[in-house]
Amino acid sequence: MPSSGHRLRDVEHHPLLTENDSYDSSSSSSSEADVADRVWFIRDGCGMICAVMTWLLVVYADFVVTFVMLLPSKDFWYSVVNGVLFNCLAVLALASHLRTMLTDPGAVPKGNATKEYMESLQLKPGEVIYKCPKCCCIKPERAHHCSICKRCIRKMDHHCPWVNNCVGEKNQRFFVLFTMYIALSSVHALILCGLQFVSCVRGQWTECSDFSPPVTVILLVFLCLESLLFFTFTAVMFGTQIHSICNDETGFCRC
């Protein structure tokens, strides 16, 4: 968790709006209402590419597990149980990814630094509040401005390009579920790959898969590498998120 000194550096000390400021609150409130009616989606090129890559890698893993390892298996119940389990984890992971990406992470309304709003806060004498000069809003405690989302985010943990969104107050639970499901499905895929290699080595490579031996080896090796990388990344992220939640902390980084 950032120290208090680091926190003060993150918070930009700018004066609040005064009576002479010409900020149009009515236009801001109407624009905020329009934004609220639309689905939250960050139009960032890098983030959208990373999000699509995440989906493609999950679909690839599901293809290899289903069509290379399970369907050719002669053990019916082995194929059914592992197929249902892996596909459930994959669906849950993608659903959590969508919820993380399309959920407002806790954006502070733009342009709420008005005289009327400040009066409604009923501040105590000497109490200090801060204004973000980029989106002209009152910054709540532990809120940070994201240069990619172009908004101040409540309890912002980090901006993750793999979900094309910030992880904040309102979508952190979906991000935790996403990392958990990906980590579990990666472990499952690694176990299935190990069993498949053992089965192919003990028997005939031409009989353990409907694909040719070279293609089977390439597909399995790539899936092993993908699963190992995904498990390492998501397990670490899951652990740090659980630690932050248990200690009521937030990070401020970019994964």
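Backbone N, Cα and C atoms are what each Cβ position is placed from, and that goes for glycine too.
Marked as transmembrane segment by TrEMBL: 48-70, 76-95, 174-197, 217-238. Annotated domain 'Palmitoyltransferase DHHC' per TrEMBL: 131-250, in sequence order.
Across the domain 'Palmitoyltransferase DHHC' (131-250), the DSSP tally of helix, strand and coil residues reads 65 helix, 17 strand, 38 coil. Within the chain carrying the transmembrane segment (48-70), a Cβ under 8 angstroms from the stretch's Cβ atoms is held by residues 78-79, 82-83, 86-87, 90, 93-94, 97, 101, 161-164, 182, 185, 189, 192-193, 196, 209-211, 216, 219-220, 222-223, 226-227, 230, all 6 or more beyond its ends. Averaged across the domain 'Palmitoyltransferase DHHC' (131-250), pLDDT for the predicted model comes to 90.
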